[in-house]
Amino acid sequence: MSGSGREGESEPVRVAVTGAAGRMGRELLDVAAGRDDVEVVLAVNRTPVDSVAGVDVRSADDLSGHLGETEPDVLVDFTGPESSVDYVAACAEMGVAVVVGTTGFDEDGRAALDAAAESVPLLHATNFSRGIAALRRAVGEAVAALPDYDIEVTETHHNGKRDAPSGTANTLLDDIDDARGDAERVYGREGDQPRTEGEIGVHARRAGGVTGEHEVLLADDHQTLSLTHRAGSRGVFAAGALDAAVWLSGRDAGGYDFEEVLDA
Ligand SMILES: NC(=O)C1=CN([C@@H]2O[C@H](COP(=O)(O)OP(=O)(O)OC[C@H]3O[C@@H](n4cnc5c(N)ncnc54)[C@H](OP(=O)(O)O)[C@@H]3O)[C@@H](O)[C@H]2O)C=CC1
Ligand SMILES: O=C(O)C1=N[C@H](C(=O)O)C[C@H](O)C1
């Protein structure tokens with residue numbers, strides 16, 4: 001197939017899902033069941049479970065063997081950074097495109113994703129919602145328009161989230177750096193710690209079942225601008241990731257952005 005995706009294709013994209021019994025894995029299987037442009041041909045999980053949303057779940061051991069047997073077009077991974085690196089390597093070995101939603105990668109983990117993208121198409125996004133894509137654009141404009149304003153980034157998530165700050169918060173911080181130049185990031189404040197000029201405060205809250213909230217606050221002595229996104233359900237992330245899988249299938253090897261899916 002050409003490097004421009006599956007224009008004109010009518011067969012559903014064959015999808016594999018890792019972390020099938022996780023919060024996002026369950027949501028992906030649920031959302032996929034209601035769509036006719038994707039077909040889940042493989043679901044795996046580290047901890048044994050029989051099935052999720054009516055789909056049989058295999059052990060995550062020997063992922064390469066499972067990929068060879070079921071021949072998915074795209075694997076969708078929302079797990080943890082350690083497993084994600086292994087799963088992506090298996091996809092590179094087996095020639096399977098991969099959508100990565102996992103967050104919390106360190107530098108080595110990001111380098112491993114880049115290495116895999118030399119062999120297969122790979123799309124990594126820290127957030128698969130359209131609202132966050134719009135928030136990122138709005139933040140870029142606001143930061144450019146208000147160059148001297150103080151900025152604080154606050155994210156709130158459920159009490160089961162591992163990484164902090166969230167992947168989305170880190171992406172927003174990178175966007176702010178792109179608009180204003182690199183700034184010192186101050187993670188929480190404690191004791192005698194007045195704000196210094198140009199720093200960006202970063203705050204991570206964990207409570208109950210909050211799906212995901214991100215706020216970028218800009219303020220000077222006279223005005224305050226608060227840009228906030230709240231995810232109402234994980235369904236928005238699952239739908240975005242499956243849209244990305246459909247878009248990615250059949251593309252050339254390389255690293256792709258979710259913005260390209262939204263622009264298509
Ligand atoms: N990009 C986006 O839009 C979004 C990204 N995320 C990210 O997705 C990831 C998963 O989130 P969520 O579903 O809430 O997490 P959960 O903890 O609910 O699920 C994680 C899943 O990954 C598996 N897993 C975790 N660590 C390992 C490991 N070391 N080896 C093998 N399997 C592993 C778990 O297996 P087991 O059952 O055995 O524990 C489980 O199936 C996180 O990084 C999160 O930040 C989440 C939502 C949206
Ligand atoms: O772990 C989550 O739940 C989420 N993680 C992503 C992140 O780290 O930004 C995206 C979303 O906010 C939900």
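Each position is counted from 1, following the chain as shown.
Heads up, the Cβ atoms here are built off N, Cα and C, so glycines get one too.
Unlike curated records, TrEMBL annotations are generated automatically.
Taken verbatim from TrEMBL:
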- His157: active site, proton donor/acceptor (ACT_SITE)
- Lys161: active site, proton donor (ACT_SITE)
- Gly19, Ala20, Ala21, Gly22, Arg23, Met24, Gly101, Thr102, Thr103, Ala125, Thr126, Asn127, Phe128: NAD(+) binding site (BINDING)
- His158, Gly167, Thr168: (S)-2,3,4,5-tetrahydrodipicolinate binding site (BINDING)
- 13-128: domain 'Dihydrodipicolinate reductase N-terminal' (DOMAIN)
- 131-262: domain 'Dihydrodipicolinate reductase C-terminal' (DOMAIN)
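Here the features listed in TrEMBL are placed on the structure.
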residue: Gly19; record: NAD(+) binding site; CB count, 10 Å: 25
residue: Gly101; record: NAD(+) binding site; CB count, 10 Å: 25
residue: Thr103; record: NAD(+) binding site; CB count, 10 Å: 23
residue: Thr126; record: NAD(+) binding site; CB count, 10 Å: 21
residue: Phe128; record: NAD(+) binding site; CB count, 10 Å: 27
residue: His157; record: active site, proton donor/acceptor; CB count, 10 Å: 25
residue: His158; record: (S)-2,3,4,5-tetrahydrodipicolinate binding site; CB count, 10 Å: 14
residue: Lys161; record: active site, proton donor; CB count, 10 Å: 17
residue: Gly167; record: (S)-2,3,4,5-tetrahydrodipicolinate binding site; CB count, 10 Å: 19
residue: Thr168; record: (S)-2,3,4,5-tetrahydrodipicolinate binding site; CB count, 10 Å: 24
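Helix first, then strand, then coil: DSSP counts for the domain 'Dihydrodipicolinate reductase C-terminal' (131-262) stand at 48 helix, 35 strand, 49 coil. In sequence order, Gly160, Arg234 are the residues of the chain that are 6 or more apart from Arg23 (NAD(+) binding site) and have a CB within less than 8 Å of its CB.
The (S)-2,3,4,5-tetrahydrodipicolinate site is defined by His158, Gly167, Thr168, and by the 8 Å test on Cβ atoms against their centroid, the other residues of the chain that qualify are Thr103, Thr126, Asn127, Glu155, His157, Lys161, Asp163, Ser166, Ala169, Gly212, His214.
Cβ environment of Ala21 (NAD(+) binding site): Asn45, Thr47, Val49, Val52, Val57 lie under 8 Å away, each six or more residues apart in the same chain. Taking the C-alpha atom of Thr103 (NAD(+) binding site) as reference, the shortest distance to any of the recorded positions His157, His158, Lys161, Gly167, Thr168 belongs to Gly167.
When the record's NAD(+)-binding residues Gly19, Ala20, Ala21, Gly22, Arg23, Met24, Gly101, Thr102, Thr103, Ala125, Thr126, Asn127, Phe128 are compared pairwise by CA position, the greatest distance found is 21 Å. The distance from the Cα of His158 ((S)-2,3,4,5-tetrahydrodipicolinate binding site) to the Cα of Thr126 (NAD(+) binding site) comes to 16 Å. Among the recorded positions listed (Gly19, Thr103, Phe128, His157, His158, Thr168), Gly19, Thr103, Phe128 have a CB atom closer than 6 Å to some atom of ligand 1, in sequence order. Nearest neighbour of Thr126 (NAD(+) binding site) by Cα distance, taken over the recorded positions His157, Lys161, Thr168: Thr168.
In terms of C-alpha distance, the listed recorded positions His157, Lys161, Gly167, Thr168 place Lys161 closest to Gly19 (NAD(+) binding site). Residues from the binding-site residues list (Gly19, Gly101, Phe128) with a C-beta closer than 6 Å to any atom of ligand 2: none.
Across the domain 'Dihydrodipicolinate reductase N-terminal' (13-128), DSSP assigns 43 helix, 32 strand, 41 coil.
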